[in-house]
Amino acid sequence: MTIDPQQKTSKFRWGEMDEDDDLDFLLPPKQVIGPDGNGLKTVIEYKFNDEGSKVKITTKSRVRKLASARLNKRAMERRSWPKFGDAANEDAAGSRLTMVSTEEILLERPRAPGTKADESKAAGDSLSQLGKGGGVLMVCRTCHKKGDHWTSKCPYKDLAAPADVFVDKPPTGETSTASAAPGTGKAAYVPPSMRAGADRSAGGSDMRRRNDENSVRVTNLSEDTREPDLMELFHPFGAVTRVYVAIDQKTGMSRGFGFVNFVSREDAQRAINKLNGYGYDNLILRVEWATPRPT
Amino acid sequence: MRPILMKGHERPLTFLRYNRDGDMLFSCAKDHTPTLWYADNGQRHGTYRGHNGAVWCCDVSRDSSRLITGSADQTAKLWDVKTGKQLFSFKFSSPARSVDFSVGDKLAVITTDPFMERTSAIHVKRIADDPQDQVSDSVLVLENPEGRKRINRAVWGPLNQTIVSGGEDAILRIWDAETGKLLKETDKEVGHKQTITSLCKSADDSHFLTGSLDKTAKLWDMRTLTLIKTYTSGVPVNAVSMSPLLDHVVIGGGQDASAVTTTDHRAGNFEAKFYDKILQEEIGGVKGHFGPINALAFNPDGRSFSSGGEDGYVRLHHFDSDYFNIKI
């Protein structure tokens with residue numbers, strides 16, 4: 001009984017070991033972390049280098065999961081068939097034929113689940129009422145289609161806009177300054193987006209416009225949160241036009257904030273009321289208007 | 001989901017077909033080589049060289065040993081799936097538009113286009129077990145079933161008793177597969193208003209779905225040819241498919257290929273639209289193609305689907321888990 005521990009320690013007495021003996025058992029065990037939500041897998045290994053000092057090696061690799069398929073026996077057999085035709089003598093060129101989309105494609109739902117097409121969800125919802133009433137008020141200023149889409153959503157907005165038809169265009173905040181310029185300087189070049197009658201809500205300033213239209217900023221997101229998650233979180237409140245999560249280009253990790261744009265301001269306000277301070281993925285979300293409200 | 005993009009064809013896709021086990025995907029395009037892909041990772045496995053024209057349609061036997069293709073080079077060819085060797089070539093005097101193996105793979109129905117003085121025709125060929133014994137004689141020929149109008153698709157009805165055809169004259173017809181007698185046809189009132197472009201049978205052959213250029217897809221009873229459902233899309237429908245797992249139908253299309261270059265790509269609506277089969281309501285759309293969708297196919301396990309477009313790409317989509325509990 002007393003000899004047993006003695007024997008054990010003697011086994012591990014490194015001083016008595018030969019030079020070329022494997023000392024690996026002295027090292028901490030190999031650690032494999034992940035793959036995490038981003039598919040980032042970290043392997044931490046330890047080994048002795050030539051000088052005999054301990055070195056920690058951290059290997060980070062990205063694991064891409066392909067859809068797993070259960071194959072039956074015949075299908076397994078077919079896997080081992082030799083390639084034929086043009087595929088037989090291809091190597092690198094062949095693998096270039098197939099690639100995984102870099103873009104995340106969603107099954108885009110035409111409306112929020114739980115709502116019906118022909119049923120206005122709330123009495124005060126202007127959008128659904130417009131859509132319901134034959135879209136009389138919803139007239140696209142670019143292509144004059146009634147009730148089909150809003151001007152900002154017009155599929156033809158990038159095409160040549162017909163001029164001289166927007167006499168009764170509702171004045172926007174910037175009209176006073178912008179429309180004065182083309183009126184005075186006739187000879188000077190005026191970009192098409194600034195010309196009288198041009199659709200300013202959809203033209204060149206489209207990017208900026210889009211970002212501040214009923215935009216809601218979501219901060220304190222967890223790193224695993226992706227755009228589809230935000231979409232899932234926000235679309236019960238109403239039609240969402242855009243979801244964006246800031247992603248660090250280097251690490252591919254989320255930077256912890258994002259933006260959600262709603263079609264209607266009421267929906268956005270409701271989302272803010274409901275989700276500000278909401279616990280999501282162990283973090284408490286902060287949801288607010290992206291730009292200070294002009295009041 | 002992140003679709004897998006397969007760029008094996010240089011010209012627009014025309015048809016996609018999974019084998020029964022769902023591990024292989026056959027694609028046909030207007031270039032001359034049908035291609036075999038693995039349906040899980042999208043790797044190209046082989047090509048079937050020999051056609052000299054656009055390949056319009058294909059079908060694979062239940063045991064995945066034979067492939068039949070119909071081509072604009074006025075032939076339909078039988079292939080050995082494993083080696084890519086051509087086993088037999090049926091010669092016609094006009095382009096072969098559609099091919100379909102019967103239950104049991106003993107017969108194949110092949111439709112040919114109207115061409116020169118020839119009218120369209122439906123041919124039924126016997127497929128021999130041993131390719132050595134294969135003969136090109138037709139068991140049954142239905143000459144002039146739709147006159148000068150093209151038949152875009154003809155498939156076997158339940159138990160090989162009937163043949164269902166649809167084409168340019170927008171009328172669906174059910175033929176007796178033995179005698180060639182016309183059993184039923186749709187009338188103009190309930191049927192499609194324009195060319196029927198595609199036809200897809202349900203897994204149990206009880207009903208089928210047709211897509212038409214009149215911007216609708218319709219679901220029909222296979223035996224009685226009664227209209228069950230109509231799905232309206234905003235764009236001409238080029239391809240339809242039905243989920244074997246859920247009550248979903250997917251229809252794809254877009255404006256005419258010739259009009260694509262004249263409009264913005266967002267205006268084309270080149271998305272595969274999912275509809276609830278029963279409620280006829282749109283569930284969602286899957287975007288991605290840069291041109292109209294010409295071909296759609298559901299994996300027999302219902303967990304993935306692929307679409308082929310005028311842009312020459314096959315996009316293979318494996319559904320995310322949330323697809324399977326979508327609620328209307």
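Using the three backbone atoms N, Cα and C, a Cβ is placed for every residue, glycine included.
The repeat 'WD' feature in TrEMBL is assigned to B:6-47, B:48-89, B:151-185, B:189-230, B:286-316.
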Q.
Using Cβ atoms and a strict cutoff of less than 8 Å, what residues sit near the repeat 'WD' (B:286-316) while being 6 or more residues removed from its termini?
A. 3-18, 20-22, 25, 27-29, 37, 39, 42, 198, 203, 235-236, 238-246, 250-257, 260, 265, 268, 270-272, 274
Q) Same-chain Cβ contacts of the repeat 'WD' (B:6-47) under 8 Å, 6 or more residues past its ends? A) 53-60, 62-64, 67, 69, 71, 73, 79, 81, 84, 257, 291, 294-301, 304, 306-316
**Q.** DSSP helix/strand/coil residue counts for the repeat 'WD' (B:151-185)
**A.** 3 helix, 20 strand, 12 coil
Q) Where else in the chain does the repeat 'WD' (B:189-230) make close Cβ contacts, counting only residues six or more beyond its ends and a cut-off under 8 Å? A) 152-153, 155, 157-158, 164, 166-168, 170-172, 174, 236-242, 244, 249, 251, 253, 275, 277-278, 280, 296, 300
